[in-house]
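Database features, via Swiss-Prot:
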- A:Glu274: active site, proton acceptor (ACT_SITE)
- A:Asp188: Mn(2+) binding site (BINDING)
- A:Asn68: N-linked glycosylation site (CARBOHYD)
- A:Asn293: N-linked glycosylation site (CARBOHYD)
- A:34-78: region 'Disordered' (REGION)
- A:24-324: topological domain 'Lumenal' (TOPO_DOM)
- A:3-23: transmembrane segment (TRANSMEM)
Amino acid sequence: MKSALCNRFFILLPWILIVIIMLDVDPRRPAPQLTSRPYFSPHTVGCGGSRVPLRRSSPGRDAAEKRNESRPQLQPEPRLPTIYAITPTYSRPVQKAELTRLANTFRQVAQLHWILVEDRATRSELVSSFLARAGLPNTHLHVPTPRRYKRPWLPRATEQRNAGLAWLRQRHQHQSAQPGVLFFADDDNTYSLELFQEMRTTRKVSVWPVGLVGGRRYERPLVKNGKVVGWYTGWREDRPFAIDMAGFAVSLQVILSNPKAVFKRRGSQPGMQESDFLKQITTVDELEPKANNCTKVLVWHTRTEKVNLANEPKYHMDTVNIEV
Amino acid sequence: MKLKLKNVFLAYFLVSIAGLLYALVQLGQPCDCLPPLRAAAEQLRQKDLRISQLQADLRRPPPAPAQPPEPEALPTIYVITPTYARLVQKAELVRLSQTLSLVPRLHWLLVEDAESPTPLVSGLLAASGLLFTHLAVLTPKAQRLREGEPGWVRPRGVEQRNKALDWLRGKGGAVGGEKDSPPPGTQGVVYFADDDNTYSRELFKEMRWTRGVSVWPVGLVGGLRFEGPRVQDGRVVGFHTAWEPNRPFPLDMAGFAVSLPLLLAKPNAQFDATAPRGHLESSLLSHLVDPKDLEPRAANCTQVLVWHTRTEKPKMKQEEQLQRQGQGSDPAIEVRALLMRPCRP
């Protein structure tokens with residue numbers, strides 16, 4: 001009898017301990033919300049239209065004339081469709097450098113609105129002050145990625161892109177939609193200015209080649225008689241839309257008329273984010289090839305190397321705190 | 001009805017292992033707990049930032065007299081960029097040209113590491129809308145990187161930068177763009193901008209009125225968040241650097257600018273290809289200036305306006321696979337200049 005009681009006690013003890021541990025841990029880790037609420041900045045910063053850089057040159061110089069001819073100044077026109085560029089970004093040593101380069105490109109694009117979405121619970125001082133000085137029309141959002149989705153093999157920036165889409169839909173919910181184009185501009189890629197001219201005329205969904213992606217020099221839609229008939233790609237050719245995030249643009253009208261189209265998180269396989277999204281709003285037949293029937297590379301999937309900070313002291317030793 | 005002890009302990013063991021694995025997976029993940037503590041830390045950090053900014057403002061010297069109203073009097077900034085053929089070359093040059101387009105009164109000296117100008121670079125320069133000079137000079141074989149050698153073993157771009165300096169001194173050699181060197185008495189500044197770094201447009205405002213040699217911090221270089229001069233009372237008194245701090249000028253190539261008159265007054269000043277690793281910048285600056293005469297910029301070297309970024313070499317696994325199958329990609333589509341090998345020999 002006593003032996004049986006001891007036996008049962010020792011059998012149950014580990015389970016009791018496990019339950020106690022779990023109960024103790026749970027209150028300190030509230031379950032993350034399935035859909036985090038993105039924070040919308042109260043107002044848009046910056047003035048309308050991009051700032052054309054001031055250029056001065058000696059009169060009569062041929063090079064100066066050539067310079068003026070090759071780059072006619074684009075004045076913001078009332079009918080010029082707005083390009084909305086959604087850029088997800090996260091804190092890392094090269095973040096400010098990447099955003100600086102991207103801003104230098106965007107400053108030369110007329111009628112561009114920059115939607116910057118941080119992967120953070122709050123807006124960071126670095127990005128806030130950066131946007132204040134950038135001189136671009138912008139919207140600063142932030143939404144943290146749930147911890148369970150922060151894995152190397154899971155797609156990145158999904159919640160941030162969806163937050164940009166939500167803001168765009170909310171902003172145009174009660175107005176007649178102005179003509180506009182939506183483009184997903186990651187902060188480390190390289191964009192030719194010509195690309196923005198090409199995408200501005202998007203009627204529904206337009207596509208073009210992307211350089212240095214998928215293990216090849218370029219990936220591109222295959223075009224026949226002005227229609228997309230296939231994909232030149234080195235990775236998962238069976239995707240319905242074998243295209244990079246930087247390889248397409250969507251017209252604002254299509255975004256507003258498909259309010260439930262978002263980037264999926266559950267059930268999305270690696271590399272299928274673009275296909276899952278485009279499947280909700282268009283078909284391959286309807287795609288509009290750009291960039292000279294998809295034979296010209298105007299965007300490159302470049303990646304910046306991780307920075308070596310081996311000589312940085314563990315604790316801040318300098319007298320001033322310099323932002324990098 | 002009695003449970004087998006063996007089975008009970010087996011189940012317990014499995015659950016424990018699962019829990020342990022879960023804990024290991026969670027290790028290192030950022031903690032979402034204690035939000036009020038994190039908010040407080042954030043507030044403290046912001047206050048510190050604000051205090052630092054105010055201190056920097058106090059230390060900032062009084063603003064320079066207003067710039068002359070005449071646009072003609074604005075000194076020209078000559079930007080020297082060495083470049084060589086590689087997969088990301090066009091992307092890098094596109095990005096750099098977009099930044100330079102934001103700067104008024106700028107002259108771009110692009111020097112290719114090649115025997116003759118390549119169509120890719122010529123086309124890009126013509127389309128950039130910038131005032132430019134196109135030069136080309138091949139790196140001598142003895143200075144070239146061997147296959148598999150890391151990039152830092154030999155200084156890169158030495159001959160190209162010296163070629164640009166020669167052009168500024170009136171020795172000609174332009175293969176495209178503006179061919180005439182600046183006439184004597186031209187006011188200008190010379191800056192060495194590598195094609196993969198990142199430049200803020202404010203940087204060019206800071207360097208434009210250089211009288212001798214001006215200096216500023218460079219971000220993400222030398223194993224530090226930033227490297228740069230230490231300034232006291234408006235003078236350079238030392239250098240914040242970790243790698244070979246005893247160099248005469250422990251500066252990155254992107255961390256200084258030279259006034260054109262000073263450069264022309266010292267016709268023998270150029271980069272020394274035989275300089276030991278990391279001393280390339282010193283080999284030029286030793287001819288031009290004393291360390292104590294450097295002009296600090298960027299709010300007494302407390303602002304980072306240029307970053308030493310490097311672009312990853314793209315993986316071409318699929319391309320090589322196609323080559324083996326004899327179905328290379330369409331060569332008519334230009335990503336970069338066509339070469340037998342994607343990397344520099």
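Just so it is clear, glycine is given a Cβ too, placed from its N, Cα and C backbone atoms.
Per-residue confidence over the topological domain 'Lumenal' (A:24-324) averages out at a pLDDT of 81. Within 10 Å of the C-beta of A:Asp188 (Mn(2+) binding site) there are 19 other C-beta atoms, taking all protein chains into account. For the residue listed as 'Mn(2+) binding site' paired with A:Asn293 (N-linked glycosylation site), the C-alpha to C-alpha distance reads 26 Å. The CA atom of A:Asn293 (N-linked glycosylation site) is located 20 Å away from the CA atom of A:Glu274 (active site, proton acceptor).
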